[in-house]
Amino acid sequence: MTSEQTFIAIKPDGVQRGLVGPIISRFENRGFKLAAMKLTSPSRSLLEQHYSDLKEKPFFPGLVTYMLSGPIVAMVWEGKDVVKTGRTILGATNPLASAPGTIRGDFAIDVGRNVCHGSDSVESAKKEIGLWFTPEEIQNYKLNAFGWIYEKE
């Protein structure tokens with residue numbers, strides 16, 4: 001199995017609303033492996049780096065302020081096509097366009113309070129993981145369930 005990693009963050013609204021467990025369960029139930037996780041209060045500098053591609057957008061200052069408003073659960077998930085599938089699990093950025101059964105479709109209404117963030121490409125995932133985690137914080141272990149989830153190649 002060819003495995004990749006993605007960065008998923010539960011935003012302050014998701015933490016405050018007690019959605020950490022249900023969100024983690026969605027990824028575990030799908031068959032992905034949790035490789036790193038921490039509850040953190042990021043710096044303004046980290047958030048500005050993380051969202052650097054949105055720096056020129058009018059909503060950027062409000063986004064950074066919102067992300068500073070409470071703790072965030074930062075995670076690295078691993079598995080086959082986890083970036084693409086992770087985005088599907090999250091749902092559309094705008095919760096009103098998200099299908100029922102997705103995290104945002106089930107738990108969010110406003111785009112500015114859409115509960116979580118997920119990397120949009122393998123390249124973005126590598127960048128984001130490098131911003132939020134040191135290599136030592138990412139666990140490399142065998143998840144025995146992978147043998148029951150993936151066909152042998």
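Residue positions begin at 1 at the first shown residue.
Backbone N, Cα and C atoms are what each Cβ position is placed from, and that goes for glycine too.
For H117 (active site, pros-phosphohistidine intermediate), the Cβ neighbour count at a 10 Å cut-off comes to 20, with all displayed protein chains included. Taken from Swiss-Prot, the feature active site, pros-phosphohistidine intermediate covers H117.
Reduced to three states, the DSSP call for N114 (ATP binding site) is coil. Taking the Cβ of N114 (ATP binding site) as centre and 10 Å as the limit, one finds 23 other Cβ atoms among all the protein chains shown. Look at Swiss-Prot and you will find K11, F59, R87, T93, R104, N114 tagged as ATP binding site.
The two recorded residues H117 (active site, pros-phosphohistidine intermediate) and T93 (ATP binding site) have their Cα atoms spaced 9 Å from each other.
Considering other CB atoms within 10 Å as the measure, the emptiest surroundings among the binding-site residues K11, F59, T93 are those of F59.
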